[in-house]
Amino acid sequence: MAKEPVRVLVTGAAGQIGYALVPMIARGVMLGPDQPVILHMLDIPPAAEALNGVKMELVDAAFPLLKGVVATTDVVEACTGVNIAVMVGGFPRKEGMERKDVMSKNVSIYKSQASALEKHAAANCKVLVVANPANTNALILKEFAPSIPEKNITCLTRLDHNRALGQISERLNVQVSDVKNVIIWGNHSSTQYPDVNHATVKTPAGEKPVRELVKDDAWLNAEFIATVQQRGAAIIKARKLSSALSAASSACDHIRDWVLGTPEGTWVSMGVYSDGSYNVPSGLIYSFPVTCQNGEWKIVQGLSIDEFSRKKLDLTADELSEEKALAYSCLT
């Protein structure tokens, strides 16, 4: 029997990431090759014409799974009935701007979008925040959409997770699909901690720990971490634009695994509402290793944390606590 279409909202849909993301969703990359979708695309009034151009291209591509397109600058129309919301739109930091200014702009954007989702989205809507500062934007959204369960509000650290997998695969000259269980802890910022202490690689002799195969702790504890932390900046330097393609692809990975489940024995990184696991303060949106089943995520428990890692986990938690305080000060 044919499945009912799922309504997927993409905010900032006329921008770089939105333009890369909507065809992936329409092609079934996010929800599977047999799941019809209706795309809701939202952008700001100055981008209305460009948004309409994206809609024209979606029609021209004749995607068999795409059962409808809503392209609008009205936040209520965009949020009505949506089952999945991918929040790509946000206010980017511009040269000479203070963090507080950026935070204040994003607080007002996320406050109004949260209110619209709260009132008009489908009952069990799943939300993924992509726009930076992603963790704190997700926290603001949670604050102003109290009826959306806290477990349904997440932020994107899968891009960092995938970057870490990519770096290990390049270093060891193995298929990226053979590397698993890296972890991104904390904030989607330069304080995040890419951790390989529990990661493994599939080899002809079975699964082997990444550290054992790399045989270079100095590289893993310094250059590898810095490369993953700074990868976004490196791409901007090379491309003169931010990483849109990989961000869109990672957003699809995040939602696909959340909805359809993670493979047995494999975990992924998601920014989720902290319950105090691993001594991370509760009340932050923090990236943890998670497994997903039946549309629910669960933090992987019981992993050993060495002293080096503990400091890194605490450092990124401190930054998130500061960001939270800054964001809440913008509410007053």
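Here the Cβ of each residue, glycine as well, is placed from N, Cα and C on the backbone.
Residues or ranges marked as active site, proton acceptor by TrEMBL: H188.
The feature NAD(+) binding site is assigned by TrEMBL to G12, A13, A14, G15, Q16, I17, G18, D43, N106, V130, A131, N132. The local packing around G12 (NAD(+) binding site), expressed as other Cβ atoms within 10 Å of its Cβ over all shown chains, amounts to 24.
Among the features that TrEMBL reports, substrate binding site is placed at R93, R99, N132, R163. The Cβ neighbour count for R163 (substrate binding site), using a 10 Å radius over every protein chain in view, is 22.
Marked as domain 'Lactate/malate dehydrogenase N-terminal' by TrEMBL: 6-153.
For the domain 'Lactate/malate dehydrogenase C-terminal' (157-325), the model's pLDDT averages out at 97. Taken from TrEMBL, the feature domain 'Lactate/malate dehydrogenase C-terminal' applies to 157-325.
Mapped onto DSSP classes, the domain 'Lactate/malate dehydrogenase N-terminal' (6-153) shows 70 helix, 28 strand, 50 coil. Taking the Cα atom of each, N132 (substrate binding site) and Q16 (NAD(+) binding site) are about 14 angstrom apart. Here the C-alpha separation of G12 (NAD(+) binding site) and R93 (substrate binding site) works out to 15 Å. Reported as a whole number, the C-alpha separation between R163 (substrate binding site) and H188 (active site, proton acceptor) equals 12 Å. With respect to their backbone Cα atoms, N106 (NAD(+) binding site) and R99 (substrate binding site) stand 11 Å from each other. For H188 (active site, proton acceptor), the spatially nearest entry among the binding-site residues R93, R99, A131 is A131, judged by CA separation.
Take the CB of G18 (NAD(+) binding site) and look out to 10 A: across all protein chains shown you find 25 other CB atoms.
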